[in-house]
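Novice: Structure in structure tokens, see below.
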Amino acid sequence: MKLCPWYIALILLPVCLQSQKLPTRDEELFQMQIRDKALFHDSSVIPDGAEISGYLFRDNPKRYFFVVEEDNTPLSVIVTPCDAPLEWKLTLQELPEEASGEGSGEPEPLEEQKQQIVNEEGTELFSYKGNDVEYFVSSSSPSGLYQLELISTEKDTHFKVYATTTPESDQPYPELPYDPRVDVTSLGRTTVTLAWKPTPTSSVMKQPIQYCVVINKEHNFKSICAVEAKMNADDAFMMVPKPGIDFNPFDFAHFGFQSDNNAGKDRNFMPKASSSKLLRQITTKPKVDIQKVCIGNKNIFTVSDLKPDTQYYFDVFAVNAATNMSTAYVGTFARTKEEAKQKTVELKDGKVTDVFIKRKGTKFLRFSPVSSHQKVTFSVHSCLDAIQIQVRRDGKLLLSHSVEGVRQFQLRGKPKAKYLIRLKGSKKGASMLKILATSKFNKQPFPSLPEDTRIKAFDKLRTCSSVTVAWLGTQERNKFCVYKKEVDDDYTEEHKKREQNQCLGPDTRKKTEKVLCKYFHSQNIHKAVTTETIKGLQPGKSYMLDVYVMGHGGHSVKYQSKIVKTRKFC
């Protein structure tokens, strides 16, 4: 048999009277009670002066009760919707007489009390529908049994309720200043500076206050409860159990919820396909694009790492650190500034151009070939880390590649064509490169390179005064120059990386570091290997060896540096 809510209220009535001291409250007893979570967990009783959290299933109303014993009692009720709009109403029902009509002093039977309340509808004091934090405040409320009924018609949702009969002394929510707006004081491409007036709760009432700033791209929020619900929306741990999947339908029917007749009858029955589908829904749900930052008691904050030309919504919440209850300022929104339009560099046919790109930066180049109907060749020499190159012709993307070292791209020509080159730098640091665009195939300033530009050292051929190394060549006859430099034994890969600018040629080296230069090529690409013994070294010393290959146009490319060490004892 399903219990009537009024019947539940009468059963809970002694608990209400015992757990609440209305209108006067025993503070020591109250503090002990609100610390006892078991007392208020999943209870229909609203404790006086404490905020409770609840959960609503869609279209299933929930009712809460509290008793005011004396007339002319101040009353304040605050309802905070979280992730969905709520409909709620507050009604007043007069308390039944405790004594029977004969004046025997014996209480009326429970069934008669229940019938007396059910027959009387009660008086509706307030109702609201929406997602705002809404208040019911009365300076003089009559005695009686108060019922708060809440329902969510949109979806399952969280909510919070706070009620007190001493609103003048109980001020757990921070008070807003006379101007509760959040102002944008500075706006950049990736930063926004916000400012707001401090809450009087901190300056006047000397209560511990901290501010939390929330940033997102969708809309402003009216409560931290709504923010946290949004942030936890993709968390499988927060998912509400569903009838027929997590529980037997009987479990829900027992508690007054409608069950799905098509749900599995076995508590543990769940088809594997459904299970894997549910798991995919949980694991593939995208992360919510929202950020919450608590900044202490400062009332100025700069939000950084934003995207240019993007609209963001900003909310500020004052949080009472003693009660962990919060109040929302009037949020704002702003669009970050656009990226500064970069100057497009014009490439000259057959001329090498040096390009510098900031970390994560982008550069645009334009090329109008002299002979537009001829094939067009782009030669790129990335000096440091890999860079990204995209080439478009008349708006159409022709190529998109990552370039490390030297790469060459050849495109079919088109009359009166114009090319737009987009270069994107490395995430690790600044990028440097040399680029040549030409419609004249014989204009190739960079030498051809093998796929592997490492230098190999032969450990067994090491002596106290020499090392033997080898490197790959190509079918094209090129000039190779070898340089050596003594380094400390603790010379690390990080040191080597700082000197790995492949665009620096032999002209930047000391004459004393030069070992030799020689020409080399092989018609058989599989045999294009050359070896060299570096002599005149000191025993037990470390050296950095570099090999430069010289191009016909005078531009050189450096192979990957190699650290070698001579034997200490021979």
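Including glycine, each Cβ sits where the backbone N, Cα and C put it.
Here's the feature list from Swiss-Prot:
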type     : residues : note
DOMAIN   : 261-333  : domain 'Fibronectin type-III 1'
DOMAIN   : 447-566  : domain 'Fibronectin type-III 2'
CARBOHYD : Asn324   : N-linked glycosylation site
SIGNAL   : 1-19     : signal peptide
Novice: Give, as a single whole number between 0 and 100, the mean pLDDT over the domain 'Fibronectin type-III 1' (261-333).
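Specialist: Summing pLDDT over the domain 'Fibronectin type-III 1' (261-333) and dividing by its length gives 75.
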Novice: For Asn324 (N-linked glycosylation site), name the DSSP secondary structure in the helix/strand/coil scheme.
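Specialist: Going by the DSSP assignment, Asn324 (N-linked glycosylation site) belongs to neither helix nor strand, so it counts as coil.
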Novice: Over all shown protein chains, what is the count of other CB atoms within 10 A of the CB belonging to the residue listed as 'N-linked glycosylation site'?
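Specialist: So the Cβ neighbour count for the residue listed as 'N-linked glycosylation site' comes to 10.
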Novice: Please count the residues of the domain 'Fibronectin type-III 2' (447-566) that DSSP assigns to helix (H, G, I), strand (E, B) and coil.
Specialist: 18 helix, 47 strand, 55 coil
